[in-house]
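According to TrEMBL:
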- 5-114: domain 'HIT' (DOMAIN)
- 97-101: motif 'Histidine triad motif' (MOTIF)
- His99: active site, tele-AMP-histidine intermediate (ACT_SITE)
Amino acid sequence: MSGCIFCRIVAGEIPSKKVYEDEDIFAFNDISPARPVHILVIPKKHIESLAHVTEADTPVLGKMLAVANRLATEQGSPDGFRIIINTGRIGHQEVPHLHIHIVGGPEPVGPMLKKV
Ligand code: 5GP
Ligand code: ZN
C-alpha cells in the first residue's frame, strides 16, 4: 500500500530504527516511546488491523508473537513486557497497518487500564 506509513518504513522510504527483519516481519523502535523499550512488530504484508486478518495470516501472526518475545528479552525487557494491539476506532488504532506494540523496560509498566 503506497500511502501507508508502515509499508513505506518496510520499503526503506521512511527511515526507522530497525531491530529485526525476516521475509515476513519487520520490527523497529516506536518514534515516540511510551516506555524505555517500545518496539513495533509488523507484518511486511499490508494488513489493515487485527480485524482484517484471515485464516491464511495465522502463521505470520504466530511468528510475530514469538519474535516479540525474543526481541523484548534481547532489547531490554527480560523480566516481562506487555503486548498491545490497538484495533480500529474503539481500540484507538492510529496507524492502519497491523502492529504489535512491545512495551517494557526495567520498571513495571503499570496496570493495564483504569477499571470502570
Ligand atoms: P497505534 O495507535 O496505531 O496503535 O500506534 C501507532 C504507533 O506508531 C504510535 O505509538 C506512534 O508513535 C508510532 N509511529 C507513528 N508514525 C511512526 C513513524 O513514522 N515511525 C515510527 N518509528 N513510529 C511511528
Ligand atoms: Zn501498510
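Placed from the backbone N, Cα and C atoms, the Cβ positions cover glycine too.
Sequence-distant neighbours of the motif 'Histidine triad motif' (97-101) (same chain, 6+ residues past either end, Cβ-Cβ under 8 Å): 1, 4-7, 30, 34, 38-43, 46-50, 52-53, 64-65, 68, 82-86.
A mean pLDDT of 98 is what the model gives for the motif 'Histidine triad motif' (97-101).
Secondary structure by DSSP for the motif 'Histidine triad motif' (97-101): 0 helix, 2 strand, 3 coil.
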